[in-house]
Amino acid sequence: EWCGSNADCGDGQCCTGGSFNRHCQSLADDGTPCQKPNDYNEYKFGCPCKEGLICSPINYCQKK
């Protein structure tokens, strides 16, 4: 589903992608690729991790 910002997506999702190809995607799960949370809530490659997980230095979710 196309989105302009995270507000266009449901709970547990973020808006990710390039400027013309943005879509809602589920928050990243343990062991899956992620993008670290940022102040602007702008994500190009993936979503932040689900609650209780952190995005590791190699951009994969893992338990805290």
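Cβ atoms are placed via backbone N, Cα and C, with glycine included.
Taken from Swiss-Prot as is:
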| type | residues | note |
| --- | --- | --- |
| DISULFID | C3-C15 | disulfide bond |
| DISULFID | C9-C24 | disulfide bond |
| DISULFID | C14-C47 | disulfide bond |
| DISULFID | C34-C55 | disulfide bond |
| DISULFID | C49-C61 | disulfide bond |
Disulfide-bonded residues (C9, C24, C47, C55), the one with most neighbouring Cβ atoms at 10 Å: C47
Other CB atoms within 10 A, centred on C61 (disulfide bond): 22
From C15, C49, C55: disulfide-bonded residues whose CA lies within 10 A of C9 (disulfide bond): C15
Cα separation, C14 (disulfide bond) to C24 (disulfide bond) (Å, whole number): 6
All-chain count of other Cβ atoms within 10 Å of C34 (disulfide bond): 26
C47, C49, C55, C61 screened against C15 (disulfide bond), Cα within 10 Å - retained disulfide-bonded residues: C47
Cα-nearest neighbour of C47 (disulfide bond) within the listed disulfide-bonded residues, C3, C34, C55: C34
Alpha-carbon distance [C49 (disulfide bond); C34 (disulfide bond)] in Å: 6
Which disulfide-bonded residues sit within 10 Å of C3 (disulfide bond) - Cα, from C14, C49, C55: C14
Cα distance (Å, whole number) from C14 (disulfide bond) to C55 (disulfide bond): 15
Neighbourhood of C49 (disulfide bond), C-beta criterion under 8 angstroms, separation at least six: L27, A28, D29, D30, C34, C55, C61
